[in-house]
Each structure stands twice: as C-alpha cells, then as structure tokens.
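So that you can see what the record holds, here are the features copied from Swiss-Prot:
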- His81: active site, for formimidoyltransferase activity (ACT_SITE)
- Gly164, Pro165, Ser166, Val167, Val168, Gly169, Lys170, Ala171, Gly172: folate binding site (BINDING)
Amino acid sequence: MSLVECVPNFSEGRDRDRVNRIRDAIASVDTVKILDVEMDPNHNRSVITFVCDSSKAVDAAFAGIKAAAEIIDMDAHRGEHPRFGAADVIPFVPLQDTKMETCVRLARDLGKRVGEELGIPVYLYAEAAQRPDRSDLAAIRNKNFQYEQLKEAIKEEKWKPDFGPSVVGKAGASIIGARDFLIAYNVNLNTSNMEIGKKIASAIRAKDGGLTFVKSLAFFLKDKNMVQISMNLTNYRKTPIYRAYELVRLEAARYGVLPVESEIVGLVPEQALIDVAKYYLQLNGFDEGNILERKMEKAANME
C-alpha cells in the first residue's frame, strides 16, 4: 500500500453538521482513515486530515470537494482567513515510502476531474504547480486577493485556471497541490491592536527577512478580543516550533505585548514536540527512545 495524507481546508468553521457531511463524504471512500477534524469559528474554516491508499486519494478528496460545493455558498461566507472557495486548499502529502511525484500526479488528476465534472476553477500550487508564479500559495490567494477579487480577475489571462472554467460560481475556486508536511501554528497575544500584529507577522515571515520556512499573517480574533499570529512552518526540522514562538515573543516585547496561548491546527509530528521539550528543558541526548509509550509499542510488536 502506498500511503498519502490529504489535508483539505474547507470554508466552513461554524456549522458542525455541514462539516460532518463533508467528513462523511470523504470517509465513505475505501481505505480512508479520518485522523483529525479542526473547526475554527473565527476563521470560519475547517481542516480535515485523512490518510488513504494513493489509489483512493483522488476519489476521497473529490467526494469532499463535491460535498462542500453543494452546501457552502461563498457569497454568504465571512471569516478572518483568506479563501478562494468552498473547498479552498487541498494538498497531498507523501507518507512513508511514497514519492512526491505520486502526490503531484494525484493533485493534477484531481484538479482535472474537479474542473471537468464540477465546473470549479482549479489552480495548481506547490510541487504540482504548472506555472512558476503559482508555486507559492500566497502568490495565488492572500488577504488582499480572495474570492471576491477573483470573480472579476479570472477573466484575465494571468488568472486563467489550470483546469475548469474561467467563471467563478458560488462554490468559488479550489487550489490543489502537493507539498511536504507543514505545521500550522498560531500564537495569540494580549493585545487587540492589529497594527502591532501586522508588524510582528512581517518581522517573522521569511519573505520579509524573518525566519526561513515561516509564512505568517496577523488576524483579529473577535471572540477573544486578541490578535493572532498565524504561521505555517514549512520545514519544522530546520525552523522548529520553539524558534518561531521565541521570535514572536521577542518581537511582541518591543510593543509591551506578551503571548498568552498558542495552538497547533491539525496534526503534528512527534519529533517536532520532542524538539520543543529538548529546547525548553535543556535535555541532553533525549529522543523517542526515552518515551514510555514508544518503548511499549516496540515491545508489543516484538511479541
């Protein structure tokens, strides 16, 4: 079996019944295991993580996109997070011995099917991009260019989709790709000042001279009256969680602001948390071999 992970992001984070319908559509496909469902009402966005055999990955992702297109009206959607469509971003991630080339093929096969069968415009990104200017997700969709702007811009040659029509319906557009594992990590600050948040987000993101492998945005969380620094850590081995957190803390201190909590959206590799423990506890020579549960699993597998 060739395993892949898929982490589709859907533009619904407030209605659990709707999210469950999308989840169930994905889970109905053979070999699919749903690992996690995260809902965020401030962003009005959900992230569903599933794994399956690569031969079933396109069917499973397509089922989720189709369900989302049927129940989410982007004209009525409001949320803090940038978005293009009901099924907004759908990345495939290689697991175990699966090659990135496999995920690229899956992304392109899915994009073609979504464009042809559902009539939804599709943009390929990351490793699956067919145009160099679309390899970076933020170059396609960002806080200043979302669903509303795409409705007009899609008529231009620059915004011609890789698959599907050059017309945006109520399901919006989908961005489909293949990438390595990333960690979605957010830090909430004890301020409601978005200008401070924007300065911190700019200071830590790679493209503005911050940390390599970090993408960041600032959001205002209305229900908490806090600013959130939302990050994607695209290589946690080279830029670990603790380093991103410490730079946020350092930059925030300039303005008399402190982090009050942080969160991981979706799943995280065990090694990423081991790295955090080693840093803050100054552990020497610590690895997964020191974790009781790992030893127990190994012993059980030897029986």
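Placement of Cβ uses the backbone N, Cα and C atoms for every residue, glycine included.
Where Swiss-Prot records a feature, it is marked here on the structure.
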residue: His81; record: active site, for formimidoyltransferase activity; DSSP class: coil
residue: Gly164; record: folate binding site; DSSP class: coil
residue: Lys170; record: folate binding site; DSSP class: coil
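Neighbour density around each Cβ, counted as other Cβ atoms within 10 Å, peaks among the recorded positions His81, Lys170 at His81. On a Cα basis, His81 (active site, for formimidoyltransferase activity) lies 19 Å away from Val168 (folate binding site). Counting other C-beta atoms within 10 Å of each candidate's C-beta, the binding-site residues Gly164, Gly172 are led by Gly172. Taking the centre of the Cβ atoms of Gly164, Pro165, Ser166, Val167, Val168, Gly169, Lys170, Ala171, Gly172 as the folate site, the nearby residues of that chain (Cβ within 8 Å, site residues left out) are Gly85, Gly119, Ile120, Pro121, Ile154, Ala173.
Ranking the binding-site residues Ser166, Val168 by other CB atoms within 10 A of the CB puts Ser166 at the bottom.
The separation of the residue listed as 'active site, for formimidoyltransferase activity' from Lys170 (folate binding site), Cα to Cα, is 18 Å. Comparing Ser166 (folate binding site) with His81 (active site, for formimidoyltransferase activity), their Cα atoms are 24 Å apart once rounded.
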